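Student: Per TrEMBL, transmembrane segment is recorded for 18-38, 50-69, 81-98, 105-128, 156-174, 225-247, 259-289, 309-332, 378-397, 403-424, 464-481, 487-505 (among others).
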Amino acid sequence: TEIEIEIKKEKSEGPLNFFHLNTIGLGAIIGAGIFVLSGNAAANFAGPSVIISFLIAAIAAFLAALSYAQMASMVQISGSSYSYVYTTMGEFCAWLVGWDLCLEYICAVATVSISWSAYVAAFFQTIFQIEVEQRILLAPIGWNETSQAFYLTDSYFNLPAMIIVFISSALLLYDLRITAIVNSIIVVFKVVVLLVFVCASIKFINPNNYHPFIPQSEGGQKYGVTGMFHGTTIIFFAFIGFDAITTTAQETTRNKKKLYLPLSIITSLSISTILYVGIVSILIGLVPYKQLSIKNPISVVTRATGMKWLEILVDLGAIFGLMSVILVNLIAQPRIVHRMAKDGLLPEWFSKERQKKQKQKIKTDDVAPVAVIRDAPYTATIFSGIVCTLFSGFLPIELLGDLTSIGILFAYLMVHIGIIILFFTNRFKDKADNNSPNIDKPNSPDGVAYSSDQNTFEFPSKTLFIPIIGVVSCIFLLNASFRWTQIRFGIWTVIGLIIYFCYSMNNSKLWKNKHANLGAPIDLHGAPRS
């Protein structure tokens, strides 16, 4: 298949190093989940127990991160969970995951851009006493999470959200390296601002705001233990993003990607979790939780401290911080589409990419060798930018946030199952039995996925415990989602199935080249396994 060939022949050098990958992870993770959706989860569902919701979500995310880290060390190709499922479960399952990821990243970009517009409006109100017209800050339709019904808002579209998505897409088309540098600067600023917020606000905590810690249930998923678990599904959005690191595999420094990819996943998620627990504890401690049902809860909390400088700083941190989330998700989305197009599952037009040639520093006989630098998959970036812009302007944040969470949970579930399949096919045993690197050995039974060199991430357990617990946690959180969210996700999946059987299956390179039967797992350096 295209994946097998590309892994074997990969010679292009990537512009992204370990620091870039960590900032991509932090840039994607720390965003709307804490700046916006945490307030909604606390005010309408979990109350102060949203702190527990964050911890439950963190556990589920860490389980997924371990499976992603293992996969990232074995399959160093762009496409994230799509490529991982392709190599373990076959094309059909991979299509379902890839189609799901398309929805996830589009909704994530739209959700964050809508949050960004709310903080921009609050900043103008705070600094310049200018109130932005609401008709250009809201989508024409809204979504009531309690009644699970649409309603008209009397607005036109969310203009600031559409503008920021357009600008971010243009920056990505210009140069990936510059985008990575800009993102790194923004991420450092964002993390510093959040640390300052925690340190400056902690003295204003009112312990009474934590009681009752689990509010009495009002029926359905409003408060009580049920509300706490539903709050977990909402703020799980806060932990997605580390998978965006794995979509940049082909732009990562080639000889270190087996180490950089998995370690950056674990590092970025660990830093984010520590920050989250501190921030959400401050949010609940400073303001009664029912006052947090707004699009910029951190702004409200800082206003309650009476420190104007902190309010301005936090608004700036949110504005720039959310920009980094938009950038990273716009990096990830086109690369999923690009990967699927290279496998023939989407039109070939989406597989076009721009490459740059750059002279390397080391010279031999006064001749500087030329390295091929992979850059933006520009056609997929253009398409993704257009779709994300439309979603940002015309759909409500409540609807988009729920769809993002359920989409990523499904992708995590499939990656966990992929790890379990690897255990039963003795891949980890084979890896342990090897005493030398085999990444370049074409006849190796383990192939590129299983190198025993020092730059390979080792799974922390040789048992099935972690992936099985991961599967259980994903299924539990999927079941805790709203019924209408599950129905919408099901409709999206049905649309994907129609496209697959009407177009993708007939144009699949796997199908055309007869490398394997439809849906059969593939071996990266050998014949397809039956």
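A Cβ is built for glycine as well, from the same backbone N, Cα and C atoms used for every other residue.
Remember, TrEMBL labels are computer predictions, not curated facts.
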Student: Given pairs 6 or more apart, does the transmembrane segment (156-174) have at least three Cβ pairs under 8 Å with the transmembrane segment (378-397)?
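Tutor: Yes, the transmembrane segment (156-174) contacts the transmembrane segment (378-397).
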Student: Apart from its near flanks, which chain residues at least 6 from the ends of the transmembrane segment (309-332) lie with a Cβ under 8 angstroms of it?
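Tutor: Beyond its ends, the transmembrane segment (309-332) has Cβ neighbours at 23-24, 26-28, 30-32, 35, 80, 105, 108-109, 112-113, 115-116, 119-120, 122-123, 126-127, 164-165, 168-169, 171-172, 176, 179, 182-183, 186-187, 189-190, 192-194, 196-197, 200-201, 241, 243-244, 247-248, 296, 298-299, 302-303, 381, 384-385, 388.
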Student: Under 8 Å, at least 3 Cβ pairs, sequence separation 6 or more: does that hold for the transmembrane segment (18-38) versus the transmembrane segment (464-481)?
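Tutor: Per Cβ check, the transmembrane segment (18-38) does not touch the transmembrane segment (464-481).
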Student: Are there three or more C-beta pairs under 8 angstroms joining the transmembrane segment (259-289) and the transmembrane segment (105-128), sequence spacing 6 or more?
Tutor: no
Student: Under an 8 Å Cβ to Cβ limit, what residues of the same chain, 6 or more beyond the ends of the transmembrane segment (464-481), are close to it?
Tutor: 57, 59-60, 63-64, 66-67, 229-230, 232-233, 236, 402, 405-406, 409-410, 412-413, 416-417, 419-420, 423
Student: Any chance you could find the range in 81-98, 259-289, 378-397, 403-424 with the most Cβ pairs under 8 Å to the transmembrane segment (50-69)?
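Tutor: The listed stretch sharing the most Cβ pairs with the transmembrane segment (50-69) is 259-289.
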Student: Out of 81-98, 225-247, 259-289, 378-397, what stretch is closest in contact terms to the transmembrane segment (403-424), meaning most Cβ pairs under 8 angstroms?
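Tutor: Going through each listed stretch, the top one turns out to be 81-98.
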Student: Given a Cβ distance threshold of under 8 angstroms, which distant residues of the chain, six or more beyond its ends, lie next to the transmembrane segment (259-289)?
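Tutor: Same-chain contacts beyond the flanks: 17-18, 21-22, 24-26, 29-30, 33-34, 38-39, 42-43, 47-48, 50-51, 54-55, 58, 61-62, 65-66, 68-70, 72-73, 76, 191, 194-195, 197-198, 201-202, 204-207, 209-210, 238-239, 241-242, 245-246, 249, 252-253, 297-298, 300-301, 304-305, 455-457.
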